[in-house]
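Trainee: My questions will all concern the structure given below.
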Amino acid sequence: MFAYKYLMAFIHVCCSCLIFLCLMCRTSTDGIKSLRLITAVKTPYLPDGRFDLEAYDSLINTQINGGAEGVIVGGTTGEGHLMSWDEHIMLIGHTVNCFGANIKVIGNTGSNSTREAVHATEQGFAVGMHAALHVNPYYGKTSTEGLISHFKEVLPMGPTIIYNVPSRTSQDIPPPVIEALSCYSNMAGVKECVGHERVKCYTDKGITIWSGNDDECHDSRWKYGATGVISVASNLVPGLMHSLMFEGENAALNEKLLPLMKWLFCEPNPIGLNTALAQLGVVRPVFRLPYTPLPLEKRVEFVRIVEAIGRENFVGQKEAQVLDDDDFVLISRY
């Protein structure tokens, strides 16, 4: 009995220490607000449609080495909408466990259902994510008061980035909503896709903004006060995107990258990125439907863009190649 009491006391101390360490290691909202380059990272697949974690880990390492300070896990680019919540939370936890000491992990735990958003966000913070990304309720749109109430349910859980992308949700998050939420200590800022004037509207009020548009991020950063960008292009050229966000105005570099940025969004994201990474040999050419690869003429155009920018600036070691239609695997059951 004497030994048992000492054992239980020892376990209690150890648990208390672990809890203390976890609290000490948690990222503050200010720590998220300072990030300039955040990559909305792609999720690669095996031929049976499961996650290709080996390729995924290589992608994350490449982002770290290229200067990205954060990654969005399971966002639009990472096809979180094609994942089960079990897959989603597993990938967030895996990313934290393997890379959380070297890069900030921001889990997309948003949903058009407040109940699901609350539950997923609880799970995401439980597995260690540093911040949450939350889109406004889509399809089943709500009122202005409903938007505020939705976000108020998740903000107390931890640092939160709100994502405004009306082209996907079919509903703008108007400034009065963001201003009403800006008093919350966990409100890290907004990923804003509406444009420069909206960015300036917020930065003038001291609200942290990341551009959600690669082709606008240079000017948003250096002319309109954005902190940085949440980027798709940085999956491919993290070092160049780091330079664009950290090294001052560089119109020449921005102009050099614009053809790539426009190519990436010639069809809805992540179709272009998935095609590009496959042609660079960085991921397998596997698509979860309903996504399908870009047509042949666009695949040829990508190789020319790589040559113009310089292969050495892109991720991966293989030469860019034009894949045939038969090289791609389209998965409907996974």
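First residue shown is number 1, and so on along the chain.
Just so you know, glycine gets a Cβ as well, placed from its N, Cα and C.
Any TrEMBL annotation is an automated prediction that lacks curation.
Grabbed the feature section from TrEMBL, which reads as follows:
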ACT_SITE  Tyr163  active site, proton donor/acceptor
ACT_SITE  Lys191  active site, schiff-base intermediate with substrate
BINDING   Thr77, Ile230  pyruvate binding site
Trainee: So for Tyr163 (active site, proton donor/acceptor), how many other CB atoms are inside 10 Å of its CB?
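Mentor: That number is 24.
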Trainee: Sorry to bug you, but what's the C-alpha spacing from the residue listed as 'active site, proton donor/acceptor' to Lys191 (active site, schiff-base intermediate with substrate), rounded to the closest Å?
Mentor: 5
Trainee: In angstrom units, rounded to an integer, how far apart are the Cα atoms of Ile230 (pyruvate binding site) and Tyr163 (active site, proton donor/acceptor)?
Mentor: 10
Trainee: Counting across all protein chains shown, how many other Cβ atoms sit within 10 Å of the Cβ of the residue listed as 'active site, schiff-base intermediate with substrate'?
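Mentor: I count 25 other Cβ atoms within 10 Å of it.
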Trainee: If one measures from the C-alpha of Thr77 (pyruvate binding site) to the C-alpha of Tyr163 (active site, proton donor/acceptor), what distance in angstrom results, rounded to a whole number?
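Mentor: Rounded to a whole number, the Cα-Cα distance is 13 Å.
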